[in-house]
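What follows is a single structure, written as C-alpha cells, with notes after it.
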Amino acid sequence: MAGPKPRIITLAKREGQGYGFYLRVEHGEEGHLIRALEMGGVAELASLKDGDRIIRVNGTFVDSLEHSQVADLVRKSGMSVALHVLGEEAYKTAKANGVTLADPQSLSGHSQPTMNGVSAPAAKAKLCYLPKTSSGFGFSLKSIKGTQGIFMTDVVFGGTADQAGVKLSDRIVEINSENVENLSHDQTVQKVKAAGDKLMLLLVDEDTDKFFKSKSIRPSMADATVRYLPHKPRIADMTKRADGYGFVLKEDTKLAGHYIGEIDKGSPAERAGLKNMDRLVAVNGQEIDNCRHKQVVEKISQQGNKCSLLVLDAETEKMYKLGGVSPLLYWEEMRGSPPSYPAHEAEAIPAPVVPAPADVDHNPKLCRLEKTAAGFGFHLNGIHGVNGQYIKEVVKGGAADRAGLEDDDIVVEVNGVNVEMSTHEEVVNLIRKSGDTLVLLVAERTAYEHLKAQGIAITPQLLNKEPSADVPAPAYAQDDEKKYTESDNERPATPPAQTRSRSSSSSSSSSSSSSSSSSASDASEDDKL
C-alpha cells in the first residue's frame, strides 16, 4: 500500500531572521514536531502547520535522529533549508501501518516543492524507455576522471535514446529499477548488455544533479517525471448516467488486480476511453491494488455521480513494471488539471423512468469575498506555465464557500480583469494585491465549455451585474503559486499557550525559549528556529 505524500517546503530567511517556528519533541508524541508558528513568519507563510512532522532536512532522513541533531541540521543549513514534512494525521497513520518513511519508494510521491509558500519549479529526474533496434540503443557511456558517476555520450540524433529523451552528459542513476551509482564503468556496461532488448533508465541532467546533491537527496523514482515514457496510463473522467457508468469491474483468477470489462456501447465508460482488460490502478487518485473487489466497487460508488479512474493497458503495464515505476506518478503529474468530465454525459438521455433534466444554468457566477483571519478559504490551481486557473479545496464555511465558489469553478476575471489567458503567476499576483476584498467572475466547468462552444464572451453582463466600482484592477507582476486557505485551528497565536512543559534547550542563533519541566517523564525539547 502506498504511503503518505510528504510536502517539500523550502524556507528562506534574511540575515538575523529566524524561520518562525519551534522544533519540538514531546512526551507521548512521536516525531519532530512543528510548534508555535509565528503569525506572518516564514514558516507560517509557507503553509507549515502546527503538529507537522519533519521527515527530512535537506534530504537527510531525520525521523530517527535525536532532537539536537535535527535542530543542528536546520541551523547549519544557512539562509535556506529544504524540509520534507508530513501532517500530524498522515504521520500517525503511516506509523500505525508500519510504513518505512526512510524509504522514498514506500511513499506515494512528493508534492510540488515550494519556496516560502510559493510553488518552485520541481527538480526532476527523468525516466526514459529504450527498446533496442537493429542499430542498438543509440548511445555510449563515459566516465570522467575525478567525477563519480557514468554519463551518456554519443547520443545518436534520431536514434532510440534520442527519441526517448536521453541527452548528452545525463548521469545514469538506475537501470531497470536497479541503482548503479556505485558501479564501475565496466560493471555499468555489463548491466546494459544484460538488460536485453529493453532498457528503463533513471537519469539526471547536470542542473538536476547539482540540485539533488546540494540538498543531499539521492534521486529515486519518486523524484522522476514520466513525461518521456512512450506508453501512458489513461485517466478516464466519467459522469454517471441513470443506468450507471456502463462497465463491469472484473477479477481474473489468472491475473492479479482489477480489470475493466463488458463496456456498453455509447456509455460514459466507452466515451471516456476505457477498454476491455484495462487494469484499474486508482480511483480518484487512491491506489486500489491492495483492495478487495467489493472495496473497489464501494470506492467507485462513494464518488457520487462523477469519478476518475486510472487504468493501464497490457503494454503500458509491462513498461512500467520493467522500471519498477508506480503508475501513480502519472496521476501526480496530470492531476494539476481538473478532471474534464464530458459535458455531454451530464445531458445524456436517461432511462425512460427518469424525466429529462430541466434547462441547465449556463450563467457564470460573480462572487465577492471578504477576507477573514483564515484567508479567502480556497486554493487556486493550475499547471505551471499553462494558462487557465480553477478553484480547489473550498473551505466549508469560509469566505469562498459563503460567496458561492465551488471546487473546479474556472476563474474568468479577478477584480474586473480577464485572466483566461493569464499565467498562474499573474493570477496569483492579482489575488495577492486585492487586499481584503476579492471579486471573482467564475464559471462551472460545463457552463464554461458551453459558453465557449457558443462563442459567447463570459462577462458580468451575462448576469446583468457589474463588479463593484471600488474594486481596483491591480497591475500585473510576476510571482508564484500561493495557498489561499487556512483554518483558524491551524494558525495558533505566537507563541501559543503551552499545554506541555518544556525542558531547557540549547541556544540557537535566534534566542531559544525554555522553562523547567514538572517531571522528567513530562519533559519535552524545544528549539526556536
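Backbone N, Cα and C atoms are what each Cβ position is placed from, and that goes for glycine too.
Automatic prediction, not curation, is the source of TrEMBL annotations.
Copied from TrEMBL, the annotated features are:
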type	residues	note
COMPBIAS	479-491	compositional bias 'Basic and acidic residues'
COMPBIAS	500-522	compositional bias 'Low complexity'
DOMAIN	8-89	domain 'PDZ'
DOMAIN	127-207	domain 'PDZ'
DOMAIN	235-315	domain 'PDZ'
DOMAIN	366-446	domain 'PDZ'
REGION	466-529	region 'Disordered'
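Here the domain 'PDZ' (366-446) is broken down by DSSP into helix, strand and coil counts: 16 helix, 30 strand, 35 coil.
The average pLDDT computed over the domain 'PDZ' (127-207) stands at 91. In the domain 'PDZ' (127-207), helix, strand and coil residues by DSSP number 16 helix, 29 strand, 36 coil.
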